[in-house]
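Chemist: Submitted below is the structure of interest, expressed as structure tokens.
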Amino acid sequence: MAQDNSSRVTEFILLGLSDTRELQLLFFTLLLLAYTMVLLGNLLIIVTVRTDPKLSSPMYFLLCNLSFIDICYTSVTTPRVLVALLSGHKAIAFEGCMAQLFFLHFVGSSEMFLLTVMAFDRYTAICRPLHYTAIMARGACWALVAACWAGGFLHSIVQTVLVLQLPFCGPNTIHSYFCDVPPIVPLACTDTALTEWLMASNSGLISLGCFLVLVASYALILAKVRARVSQGSWKALSTCASHLMAVTLLFMPCIFTYLRPAGASPASKYVYVIYTIFSPMMNPLIYTLRSSEVKESMWRL
């Protein structure tokens, strides 16, 4: 355990996904493939939306921002775990750990807020089509995206400050492959009951609240399209189904992780893979396969 003269931990040891060399090489191959798909898939969406004038609607503007967030989100954790799997170096400096925690929550919560905005966009397009252009004007879209980033920043600042005020002078082994609140807080040399409650209220309730808003908006959309059995309505319903699939991949593991007491079991690190790597990898597939306009633009590109 690395400590300075005041017995404060100066680095953490990330145990990673496995101690077996063969499994480490297998995980390295799978994660490298997934990370490559995240980068290529989301970059392709960004380039397609930015270069095709036909994809200028608010839905594709928000989709372009979602792809950018997905690239940032998975890049916070995946490159470092790939290096650790290949080199076997598991130590991370205390400052680096806190920086990783900050950016993980900053980008992750911004994505949650953006997905909620995308659900509002679909609700407005389907349930209030005559007012859609006025409500989702380009200026309003930029303001909503900026609000998502601002909300993510505020959430992340709160989480990071709550962790930084804890004293770390004992164990420094983290049962995960990246720094996050649940595996770090139990390592503090003090009673963390109040801190755990505050963090659960912050991360857990944000995840649960955004997910409930999303489900409610899609329920309203479903109730609206039931009375209109037309090609356009079924297309809108198909789009919402793909969106709901994407948000479920992100929100359910987050709710499972952050609404539980800190000190998650070592098996929780495999749940982390779902929302840090698998969800950003699936988003391009879900959104492009369910959108004929995006697929046609990609073929032209």
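Each residue, glycine too, has its Cβ placed from N, Cα and C.
Pulled these from TrEMBL:
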TRANSMEM  25-47  transmembrane segment
DOMAIN    41-287  domain 'G-protein coupled receptors family 1 profile'
TRANSMEM  59-78  transmembrane segment
TRANSMEM  98-120  transmembrane segment
TRANSMEM  140-158  transmembrane segment
TRANSMEM  204-225  transmembrane segment
TRANSMEM  237-258  transmembrane segment
TRANSMEM  270-289  transmembrane segment
Chemist: Near the transmembrane segment (270-289), which residues from the same chain, at least 6 beyond its ends, have a CB less than 8 A from one of its CBs?
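Modeler: That would be 17, 31, 34-35, 37-38, 41-42, 44-45, 63, 66-67, 70-71, 73-74, 76-78, 104, 108, 176-178, 180, 242-243, 245-246, 249-250, 253-254, 256-257, 295, 298.
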Chemist: Using a Cβ cut-off of under 8 Å, list the residues of the same chain at least 6 residues beyond the transmembrane segment (140-158) that approach it.
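Modeler: For the transmembrane segment (140-158), the sequence-distant neighbours (Cβ-Cβ under 8 Å, at least 6 residues beyond its ends) are 58, 61-62, 65, 102-103, 105-114, 117, 202-203, 206.
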Chemist: With Cβ distances under 8 Å as the criterion, find the stretch in 25-47, 59-78, 98-120, 204-225 that has the most pairs with the transmembrane segment (237-258).
Modeler: 204-225
Chemist: Ranking 25-47, 59-78, 204-225 by the number of C-beta pairs under 8 Å to the transmembrane segment (98-120), which range is first?
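Modeler: Between the stretches 25-47, 59-78, 204-225, 59-78 has the largest tally.
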Chemist: Report, as numbers and ranges, which residues of the same chain sit near the transmembrane segment (25-47): CB under 8 Å and 6 or more residues beyond its ends.
Modeler: 17-18, 63-64, 67-68, 70-71, 74, 78-79, 81-82, 85-86, 277-278, 280-281, 283-285, 287-288, 294, 298, 301
Chemist: What same-chain residues lie close to the transmembrane segment (204-225): Cβ under 8 Å, and 6 or more beyond its ends?
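Modeler: Residues 109, 112-113, 115-116, 119-120, 122-123, 126-127, 155, 233-234, 236-237, 240, 243-244, 247, 251-252, 254-255, 258-259 contact the transmembrane segment (204-225) from elsewhere in the chain.
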